[in-house]
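One structure is given here, and the rest of the page talks about it.
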Amino acid sequence: MHRLRAAEHPRPDYVLLHISDTHLIGGDRRLYGAVDADDRLGELLEQLNQSGLRPDAIVFTGDLADKGEPAAYRKLRGLVEPFAAQLGAELVWVMGNHDDRAELRKFLLDEAPSMAPLDRVCMIDGLRIIVLDTSVPGHHHGEIRASQLGWLAEELATPAPDGTILALHHPPIPSVLDMAVTVELRDQAALGRVLRGTDVRAILAGHLHYSTNATFVGIPVSVASATCYTQDLTVAAGGTRGRDGAQGCNLVHVYPDTVVHSVIPLGGGETVGTFVSPGQARRKIAESGIFIEPSRRDSLFKHPPMVLTSSAPRSPVD
């Protein structure tokens, strides 16, 4: 008989799906004549649906539509909203450099078209997700205006009960591909001065089209791979090559004292070893005398809807 002991960590308080760079286009065209971006996203959503995962929120970190077309946003909404509703998950949309602020607002958010930065606060119980728009209309690099940084500092002045996740498109980290410097987030130090010493526990980003991790002013940064196509990191040094492979998304588990980011690759694979069902796993854990403590948010509790707060309206030239 084993002595009963608690696992080293309880169940997570929050579970998020982090999806990025869907790059949908209007009609039935292939992205850059090569990739069926709709199909890749559909495959991933079906894979996630079959998994039994039940996230609290799904965070899309930008480049939702390749050309900012209304038809692309309508298509994305048609694919994602039923999926999120079935999972009982809230949707969090982030602007990317390929997106159009006015069209995204109109066709994804049912808001009046506006070219002001799309910054907002999303509260899921005690977890705060801050969406920060790093896009520059007409360009592909990233910038954050002084007015945006002021708004961000004001929001972060009051800590959230369970901390803050910052979601943006351009990651404030180096890229291992030289060409990325032409489209990187500029003046990252200014953002760092605002974030340092706050309750931001993790930064979620996209843009790079490959999965990577780093830290920024001591805060973990997780970049999700794209769902449409990815960058080949084995390309000759200094070069760049997009490829139809290695797509995926990230799973984010938020615990009281840590945030865990895990890559979910698109597609399955042959089973290796013996498949263990959830029921079998529970029995084996119990037989080992181990129990996993529940999270502070009971999984059966019906959580209140996510509360959205937009930043104050600003002039497009602010």
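Glycine too: its Cβ is placed from the backbone N, Cα and C atoms.
Of the residues H209, H253, H261, Swiss-Prot puts just one in the Fe cation site with D21, H23, D63: H209. Record note: of T134, T271, T309, Swiss-Prot gives the feature phosphothreonine to T309, with no matching annotation on the rest. The Cβ neighbour count for H98 (AMP binding site), using a 10 Å radius over every protein chain in view, is 22. Summary of the Fe cation site environment: with the site residues D21, H23, D63, H209 set aside, the chain residues having Cβ atoms within 8 Å of the Cβ mean position are S20, T22, G62, D66, G96, H98, G206, H207, A226, T227, C228, Y229. Using a 10 Å radius centred on the Cβ of D21 (Fe cation binding site) and all shown protein chains, the other Cβ atoms total 28. Take the mean position of the Cβ atoms of H23, D63, N97, H98, H209, the recorded AMP site; other residues of that chain with a Cβ within 8 Å of it are D21, G62, D66, G96, D99, H169, G206, H207, A226. Across the residues of the region 'C-terminal extension' (278-318), the predicted structure has a mean pLDDT of 71. The secondary structure of D21 (Fe cation binding site), as reduced to three states from DSSP, is coil rather than helix or strand.
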